[in-house]
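Asker: Below is a structure I'd like to ask you about.
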Amino acid sequence: MNGLDASMFDLFRDEAKAHADTLATGLVAVETRPTDPVLLDELMRAAHSIKGAARIVGIDTAVRLAHVMEDALVAAQGGRIRLGPADIDVLLRGADVLAGLAALGPNTTAAWEEANRPLVDALEPALVAIAQGVRPETFAEPPREPPPAEPAKPVPAAASLAVELPEPPAFEPAGIPGEPFALRTDHSMLDLFREEAREHLRVITKGLPHLSSDPTATEPVQEALKLLRGAARLVKCVPVADAAAAMSAFVRTARETGRPIPARAIEWAQYTTATLAGALATDDDTFSEWIGSAAPALATASNVLTRAAEADRARGAIAASVGQGQKNPSKPPAEHGSQAASESIAPPPSRTSGIGPGGERADGSVGRSSSVIAVREPRTVTLSPPPPPPAPAPPVAEPVVRVSAQSLNRLMGLAGESLVQARWLPTFSTALLKMKKRHDLLTALIDTTYHAALGGAPADQVAELVADTRRQWLTCRQELTEQTASFDDHAARAEDLNARLYREVIVSRMRPFGDGLHGLPRMVRDIARALGKEARLVVVGEGTEVDRDILEKLEAPLAHLIRNAVDHGLEMPDLRRAAEKPVAGTVTVEARHRAGMLLVTVSDNGAGVDLNRLRAKIVERGLNSAEMAVKLSDAELLEFLFLPGFSTAAAVTEFSGRGVGLDVVLDTIRKVGGNVRITTTRGKGTTFHLQLPLTLSVIRAVVVDVAGEPYAFPHTRIDRLIRVRRDEVRSIEHRQFVTVDGQNVGLVVAGQLLDMPAPPPVGDDVPVVLLSDGTGTYGLVVDAFRGEQDLVVRPLDPRLGKVPNLSAAAILDDGAPVLIVDVEDLFRSMDQFIQTGSLVRCETRPAGAGRKKRVLVVDDSITVREVERQLLLHKGYDVAVAVDGVDGWNKVRAERCDLLVSDIDMPRMNGLQLVQAVRADDRLRDLPVIIVSYKEREEDRLKGLEVGANAYLTKSSFHDNRFIETVAELIGAADGP
């Protein structure tokens, strides 16, 4: 390594990787072609080249290993031995060691040699014996010493997840001075809040003691905590809302895990409820001061309960992993149950024992203790001082790519031609300046002739001036014609040169398809042997040129598809014999160019997909009904294989059954602008068809206008371009949609997603770009369509980071810059805008004056009713209220109202039943209905819409105007028509 710089070591790594890949691929082929002289010669030369390169950089361990591998291959090449499966196993193990050279740096060779020396010491005599024709029955790898214990780095399965927390300051129930907490509401609302909160606290206090023995008794407590949290948020009492949320999270965790809540955690929850009860016992004048004093204690209690919930979940996960993964535990597993947990959570502080209003003890000391939450053994963690800041990282080396010498020579030749072309420009510029001076002279001559004619000059003098002017004009015209022809000729040569230069640059980025398949034959061999099968990999089109970026992104999907083919596709040997098939199954990978795209197929000659079993699995998973599943075509059935988490494996093995599979393949292929489809024939096999672009450097794109600026959408991600009439746009619950081919397609204004000024589109027709992501179709409303272009993709400046909804930039044919849309990111943004209901509308709504509109508010919470009533009154609406569903049903029939606003969870008649009754009444069938609930789950929202609600909002919408905006959308302004 003396005097070897980093660039030379880069060359060594590249060479070592190439030859190690050759060894890994070729050794697998030797099993079927043990006497092929060309193959053996290629392998021998690869080992020889690694030996020479390793000697130059001074890696003696690699030199020794490559030397004995070369001797074994020379012996096979000379016919003295015939390599069998056991010999190839040893050689492949040596190739694995040599493959590690590709990851080395100039300063890591010594460590690599030290780590691999024991294995090379064991491989060396085994390979010498193979070269001499002596066949050891087995090769035993040397035992690896376990790494030294690192007590500073806790192991999750045995570590204490301890966190040291300060004890909350103690205080008396009332009358404690403190910084007032800013409550942004009036006294009347506080009275309602305290009255409702006291009722919820009674339920919570009554139910907490039972949770330590019966985790299933959480429903009443959970419901009361949810209502308390919501009411506190409405009056913006953040400490109370946060405390209720922390208690709710812990109770929910206990319900999900099914384990009793530790008694010590119950004590902390009771401490929190007692603190809240003290706050609620105060009057209006001291309530904010009391909350301000209690806020630190509530925050600490919330922190303790939150961390205890996290520890409880972690303990459950660790217990599961211990039960599944530890065969010989060195220590007994940690205790479970409330006793173990209670010993690891320090008790809450006493609220009255010898502690004064300021938190001081009787002896004058400040009361502080430690409360520790741990999964295993309770112990306090002492935090050491923070380490010094790390030294600045060395500059990262630029990535190096290999380009053939021929390609580099062609690029140099084209660069020379470009230089010659550029030198023509100064000459052309000089000619233009000369021509400009002649035109200036012509202009002066015309002026002289004009003034002479007007001034009454003699006719012969005017005639002479006219003749001179004509001669000058003819000379200028001749020069202009010559320069125009010269420019046209230069433009044609420059266009041809640019096209050739561009093509050569693209070619320099190309790699043979086979370069991305190194290691796959070895993988097929190893998986087949592990499963007791026989399989071989056949590659067709290894020389097909593929963009290096595409090839890198293809490696993981191809490996997964091939692994699937061996595991799921190929049958066991006895089944293949019974089916009169060759015992050894075949997995074929083929690559070819067609219609400007790269087509890759991965096929096997196995049993094919059992469509009946797939159909039953779909019904079993609840993905479709049995009636619908029978009607699905074969292609539609096979599409279910791409769903996340979908697996047809009967059991989880090392290779399958985990539910992480084809959805990842599809996602990866789509990210590079490709697509995947499946075909299968029962008894003959399955084929995956991958269609990808030849390069990522150039894309075919559709250019549109958004807020007056051009944006490009990759052609492969667009379903269709359509124009819809404005009167065809409909809306429900903030969402606009149009019907396309019988399917409702949601509309989103593109300017809103791209953070551009997005006024509602004008005109009778709305231009829409249809996009789909496999789960649904969206319509993106744009200003105008410009057309299609081939764009050279340029990355955005890395200093910008990830720009939302944009992936790259390009230059249009007219020289204008254009931004390329990141469609995947766009889907996420559209989902977010749709969920929040903050979409810009596409259609117009006529405005006008009218009578005052009346809204009926139905909710069993007096706090919520009052908040909604005040919000509506402030906007000028006439408001009536009802205390539950039955009361609301009576009033909606007896009184005129323009809108019904209802909660869901109410006594006697819940909100869903109320809406169903309204929709069943002929007089009220068209009455607009808004459901406002604490329930934020998607299934709850869908239930509300299914029974007939026009909109479903959560009670957090009171704080961001969504509630009022929805009311105005459904019935207009208070005085409108």
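Keep in mind that glycine also has a Cβ here, set from the backbone N, Cα and C atoms.
Values in this document were obtained by computation on a predicted structure and should not be read as measured data.
Grabbed the feature section from TrEMBL, which reads as follows:
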{"type": "DOMAIN", "residues": "1-105", "note": "domain 'HPt'"}
{"type": "MOD_RES", "residues": "His48", "note": "phosphohistidine"}
{"type": "REGION", "residues": "320-371", "note": "region 'Disordered'"}
{"type": "DOMAIN", "residues": "558-696", "note": "domain 'Histidine kinase'"}
{"type": "DOMAIN", "residues": "698-832", "note": "domain 'CheW-like'"}
{"type": "DOMAIN", "residues": "854-970", "note": "domain 'Response regulatory'"}
{"type": "MOD_RES", "residues": "Asp903", "note": "4-aspartylphosphate"}
Asker: Which whole-number value in Å describes the distance between the Cα atoms of Asp903 (4-aspartylphosphate) and His48 (phosphohistidine)?
Answerer: 79
Asker: Over the domain 'CheW-like' (698-832), what is the model's mean pLDDT?
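Answerer: PLDDT averaged over the stretch: 82.
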Asker: For the domain 'Histidine kinase' (558-696), how many residues does DSSP put in helix, in strand and in coil?
Answerer: 53 helix, 34 strand, 52 coil
Asker: His48, Asp903: which of these modified residues has the sparsest Cβ neighbourhood within 10 Å?
Answerer: His48
Asker: If you run through the domain 'CheW-like' (698-832) with DSSP, how many residues end up as helix, strand and coil?
Answerer: 23 helix, 73 strand, 39 coil
Asker: Three states by DSSP: which one describes His48 (phosphohistidine)?
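Answerer: The residue in question, His48 (phosphohistidine), is helix (DSSP, three-state).
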Asker: Residue counts in helix (H, G, I), strand (E, B) and coil for the domain 'HPt' (1-105), per DSSP?
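Answerer: Residue counts for the domain 'HPt' (1-105) by secondary structure: 83 helix, 0 strand, 22 coil.
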